[in-house]
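The domain 'Cytidylate kinase' annotation in TrEMBL covers 6-203. Taken from TrEMBL, the feature ATP binding site covers Gly10, Pro11, Ala12, Ala13, Ala14, Gly15, Lys16, Gly17, Thr18.
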Amino acid sequence: MTGIVVAVDGPAAAGKGTLARRLAAALNLPYLDTGLLYRAVGRRVLDAGADPRDAALAEAAARALTPADLDRTDLRGPMADMAASAVAAIPAVRAALLDFQRSFGRARGAVLDGRDIGTVVFPEARVKLYVTASVEERARRRFLELQGRGVAADLSQVEAEIRGRDAQDASRPVAPLKPAADAILLDTTNLDAEAAFAAALHLVRGRLG
Ligand code: CDP
Ligand code: CDP
């Protein structure tokens, strides 16, 4: 499968990462979670005690990113989620992260998950999946994840946070969250991770011919 790019986009907690990681293993392709890049930039700005909407600081943070930033263990949680979404709305931040994502995918093909992989990063991707699920189901999944990590959370608060972040991601002028015109839509509301993977692999193999 060398050289093939598979784009996996969709809203928060749809199961993109879980699915993309499994697809990459099945297709023997490298995997990149592009959300981590925005999360790491947001984290750097928060660490500086600044507002993640500060365009100059966020751009500098994006340009200074190192691989070690992506290994940090504090990239998830409500603060980190919103900081990622805030820096992701800044055009200069997106521009600074573009080359890395494209080089990663071009080296030997890849499965990448995010919001704009099929629309902006790899508009020429061989296969594009847009993975979604109802907001209630996505909130339930994120809530269970938080519980599993021992983080106290409130389901209705998790749902409100997801709604807010999706609205912010979908309404930004640059690279908004939306399916590419040629993306295959996969609604996993009633599918567990295993069934979603089986359905996705079938769709991907169909596209690859
Ligand atoms: O990357 P994204 O935020 O879209 O989702 P994720 O980090 O892959 O997390 C989704 C969570 O929902 C994980 O705990 C999965 O086990 C679970 N899940 C899933 O990924 N896919 C389903 N169809 C059902 C549940
Ligand atoms: O796992 P979850 O879906 O909750 O979030 P993520 O994929 O880690 O992305 C975190 C944030 O980064 C999103 O809310 C987007 O604002 C931003 N992002 C983006 O703008 N473009 C991407 N390709 C990936 C993430």
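Backbone N, Cα and C define each Cβ position, glycine as well.
Same-chain residues that are not part of Gly10, Pro11, Ala12, Ala13, Ala14, Gly15, Lys16, Gly17, Thr18 yet have a Cβ within 8 Å of the Cβ center of the ATP site turn out to be Leu19, Asp113, Val131, Ala133, Arg138, Arg141. Classification of Ala12 (ATP binding site) by DSSP places it in coil, neither helical nor stranded. Checked against ligand 2, the binding-site residues Gly10, Ala12, Ala14, Thr18 give Ala12 as the ones with a Cβ under 6 Å from it, listed in sequence order. Here the domain 'Cytidylate kinase' (6-203) has a mean pLDDT of 97 out of 100.
Cβ neighbour counts within 10 Å, taken over all protein chains shown, single out Ala14 as the most crowded of the binding-site residues Ala12, Ala14. The Cβ neighbour count for Gly10 (ATP binding site), using a 10 Å radius and every protein chain shown, is 27.
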